[in-house]
Every structure is written in structure tokens, then in C-alpha cells.
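Step one of this worksheet: look at the structure below.
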Ligand SMILES: NC(=O)c1ccc[n+]([C@@H]2O[C@H](COP(=O)([O-])OP(=O)(O)OC[C@H]3O[C@@H](n4cnc5c(N)ncnc54)[C@H](O)[C@@H]3O)[C@@H](O)[C@H]2O)c1
Ligand SMILES: O=C(O)C[C@H](O)C(=O)O
């Protein structure tokens with residue numbers, strides 16, 4: 001039975017394919033828990049408002065006990081007013097043959113005004129997850145436009161990469177997902193990301209010992225995870241949607257409810273300079289969550305191969321930041 005006041009959850013791109021896979025799960029309680037009512041604030045471009053209204057009709061028809069109301073907006077300031085959770089999904093997905101970085105000029109312009117709208121009117125506890133690509137740099141753009149919101153409230157989604165890594169490792173080793181811990185995604189949500197097994201365990205044994213095949217890790221596991229988005233686009237003819245929505249649910253749920261003892265997850269968070277990642281960049285790290293705050297896992301050993309891979313992905317983030325500056329988006 002709901003026991004608290006409704007939490008305002010703003011979702012941009014509500015009429016898109018991720019939006020369609022996401023909203024019903026939020027309204028059913030999977031984002032914030034079975035005791036927390038939610039009020040949905042949907043933001044769309046004017047030409048997609050009618051489609052968002054159709055989705056809202058379907059949400060009504062589910063009679064979700066936790067859904068306290070739905071508002072639909074085509075104005076960011078109104079949509080983020082009082083937002084406690086902001087899911088920034090609305091942006092163009094890439095088509096076959098594009099890299100995620102190619103979306104910067106198409107999508108980067110969306111996130112400055114949305115950051116400013118969050119700054120102007122979101123609730124003081126607002127937590128922001130950017131899903132729209134290129135997610136890390138879009139989160140950085142939004143944070144730059146929200147000087148009054150603590151920067152650590154802006155995050156980018158690499159939980160999908162994390163989940164992909166878990167699934168590939170479980171399939172290869174015949175282990176259950178519950179037995180796998182401490183997989184990490186570093187860097188950018190792009191093909192340069194570094195899915196890292198060096199600290200992972202399977203049933204308390206080092207994952208690399210269980211796998212016992214360095215070539216598989218380097219030549220199959222890492223590229224399969226890093227290029228999975230492109231493989232889905234190739235197979236489905238559209239970018240991942242249900243798995244992306246699932247990862248968004250996981251990210252926010254973990255942020256609010258915490259990571260299990262002895263494990264961590266991966267998220268794009270504002271760097272504090274850890275592991276040589278320039279301060280301020282939104283990069284994926286292994287992170288724990290407690291009390292509603294992410295913490296970068298400290299003091300991990302980084303071997304030479306990992307160092308090279310992390311540096312390469314971070315270099316791409318630095319390039320994206322420079323491109324944003326030269327496009328005049330910050
Ligand atoms: N980080 C990740 O792991 C991850 C995973 C999958 C997809 N994505 C990205 O998520 C984004 C959305 O994907 P999708 O498949 O839902 O795309 P989609 O084209 O189906 O939907 C995008 C929606 O955003 C809306 N939109 C565009 N500009 C907007 C704005 N300024 N304000 C509000 N809404 C706006 C569009 O009208 C559309 O309805 C893409 O950029 C995609 O690349 C990220
Ligand atoms: O790869 C894409 O463009 C979509 C998304 O970011 C994904 O990882 O599936």
C-alpha cells in the first residue's frame with residue numbers, strides 16, 4: 001500500500017520507443033519501489049505530444065495503484081518543475097553505420113536548455129539520468145547549464161553496458177548472474193568503453209581464473225559488449241529499447257536503494273579526478289550507492305592493459321567535450 005507523497009518523475013522523449021518500454025514500469029512501482037507513488041511528467045516535442053497522450057491513455061487503462069497522475073508538456077521548464085527524478089531520454093537514436101559520437105551535433109543542443117530548466121525549477125533532491133546519446137557528454141552539457149544543482153546529481157547511463165557484460169560472462173562460464181560480482185564499465189558509453197573483468201568474481205573465484213582464456217576476454221568479450229548497441233541496431237533495425245529502459249530502471253533503483261554489500265555497479269558519474277580521469281568529465285566508473293549517493297570505488301589496482309583502455313575511452317570524452325565547446329553548446 002502506498003505510504004508516501006508522490007514522487008515527481010519527469011521523462012523526456014516519452015513518445016519514443018524507450019519511453020514506451022519505460023513508463024509502464026515506472027508507473028507499476030519498479031523504479032522507486034512498491035511503497036512509492038509517482039506522478040509522471042512527460043516531455044515531448046510538440047509534434048509528438050499527441051502520441052504521448054495516447055501512451056498516457058494506456059497508462060490510465062492499466063489502473064496502476066501507484067500512479068498518482070500524468071502531465072504532458074512540450075515545454076521543458078514546465079516539465080521539470082518540481083522534478084525529483086529526471087530521465088533524459090528524448091534524443092535521436094543513431095542509425096546503422098553511425099557511431100554514437102556522430103549524434104553530438106544532432107542531440108547536444110537538447111541538453112543545455114533541459115539542464116537550465118532543471119536548474120530553474122527541479123526539486124532540491126533532483127536526480128538526473130541521461131540516456132539520450134552521446135549520454136556521457138549530454139549529461140556533462142546538462143550539468144554545465146545547472147550551476148545551482150550539485151554536479152553529482154547528473155549521471156549518464158552505462159548500466160546497459162554493465163548488464164550486457166554480466167550476461168556475456170554468465171553465458172560463457174555457465175554461471176548464474178547472482179554469482180557474478182564486481183564487473184566494471186569504464187569510460188564512455190561508446191565503442192571505446194572498457195568492460196573490465198580484472199576485479200570480477202564468480203562464486204568468489206576470480207572471473208579471469210574461471211574463464212581462463214585471455215584471448216576470449218580481449219578479442220570476444222570486450223568488443224561484444226562495447227559494440228552490442230550496433231549489433232542490436234543491425235539485427236532489429238532500431239536501437240535497443242526494452243533493455244535500455246530496463247537499465248534505466250536499474251540505475252535509478254540502485255541510486256535510491258543502494259548497491260548490495262560486497263558488490264558494485266557501473267554508472268557515468270562526474271569524475272572527482274579518480275583513476276586519472278579529468279575532474280568534471282562524466283565517465284563510467286565502478287560505483288557503489290548508499291544513502292542516495294554514488295561513490296566511485298576507490299583504490300582498485302589498474303593493470304597496464306586496463307590503463308591503456310581507460311585512457312583511450314577518456315580521451316574520446318575529452319574530444320567530445322572539446323567538440324561541444326566548438327559547437328557553442330556550453
Ligand atoms: N545510454 C544508453 O545505454 C542508451 C541505450 C539505448 C538508446 N539510447 C539513446 O536514447 C535515445 C532515445 O532512443 P529511442 O529509441 O527512444 O528514440 P526514439 O526516436 O524512439 O524516441 C526519441 C523521442 O525523443 C523525442 N524528443 C526529441 N527531442 C526532444 C526534446 N528536445 N525534448 C523531448 N523529447 C524529445 C522524440 O520526439 C521521440 O519521441 C537515443 O539518443 C538513443 O541513442 C541510449
Ligand atoms: O548503440 C546505440 O546507439 C544505442 C544504445 O546506446 C545502445 O547501447 O544500445
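The backbone N, Cα and C atoms fix where each Cβ goes, and this holds for glycine too.
Where the annotation comes from TrEMBL, it is an automatic prediction and has not been curated.
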NAD(+) site partner of 13, 14, 15, 16, 17, 18, 19, 107, 131, 132, 133 (as recorded in TrEMBL), chosen from 5, 114: 114
Among 100, 132, 164, the binding-site residues whose C-beta sits under 6 Å from ligand 1: 132
Number of Cβ atoms other than its own within 10 Å, given for residue 17 (NAD(+) binding site): 17
Helix, strand and coil counts within the domain 'Lactate/malate dehydrogenase N-terminal' (8-147) (DSSP): 64 helix, 26 strand, 50 coil
Which of 94, 100, 164, 189, all recorded positions, has a Cβ with the fewest other Cβ atoms inside 10 Å: 94
